[in-house]
């Protein structure tokens, strides 16, 4: 398949743009993992999105190798596999024991076991076109899973009203990435690439909307708490100045009482 027609040229342009944005998407969790490194703990963070992203990159890499003229897919998938492995290693190092065991177990079963099983299954088909079709469906399902993986984090944000574990940049770049790859698949008439990115765009947009809503909600809560704290401090400040006056009055009364007996003794003398 050459890039001589106008559609193929547009597909190439969107493929390059998609690769650039995908590169940024893969790097967007760097801040999160830097925070994990500084805190020396991954508690509160989930490994599932990174395991699913690794699986998706592995499947797309295999799909790109089966398909002709899919160098853009192969290139970005190789980078995706490498960076997701680094993220998962860091997560395993700093995760609590329970999360560590869970992550290692699912990497072995889901990422390695699932990938090997799919490779064996697709190689049962002699015709290359059938292998491409099977892997296309597998990649489509995996891409949907990647798009849906932040749903758990979205639910957590809604429940806790905190956006700490849902970085805005990641949501933004995921939405932009889905847009680029949708047009890439559309112009190449590759539905296995185009279709899942529709869902990716919708969920990415939903994440950004939720982030904006609850980020403002957090600011409102913090402002209210500060105002309440200020009111309490002001009330205490209004009451406290009264105490020295009462203490002074008590001291003056005590002095008067103490002096009166002395005056009586002198008069008697």
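One is the number of the first residue shown, and numbering goes on along the chain from there.
A Cβ is built for glycine as well, from the same backbone N, Cα and C atoms used for every other residue.
Record features, source TrEMBL:
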type     : residues : note
TRANSMEM : 12-36    : transmembrane segment
TRANSMEM : 48-66    : transmembrane segment
TRANSMEM : 72-94    : transmembrane segment
TRANSMEM : 106-126  : transmembrane segment
TRANSMEM : 132-153  : transmembrane segment
TRANSMEM : 165-187  : transmembrane segment
TRANSMEM : 193-214  : transmembrane segment
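Below 8 A, the CB atoms of the transmembrane segment (132-153) and the transmembrane segment (193-214) form 3+ pairs separated by six or more positions in the chain. Only pairs six or more apart in sequence are counted, and the transmembrane segment (48-66) with the transmembrane segment (106-126) gives three or more Cβ pairs under 8 Å, enough to call it a contact. Highest Cβ contact count with the transmembrane segment (72-94) among the listed stretches 12-36, 106-126, 165-187, 193-214 falls to 12-36 (criterion: pairs under 8 Å). Remote same-chain partners of the transmembrane segment (106-126), defined as residues 6 or more beyond its termini with a Cβ less than 8 Å from a stretch Cβ, comprise 47-48, 51, 54-55, 58-59, 62, 66, 88, 134-135, 138.
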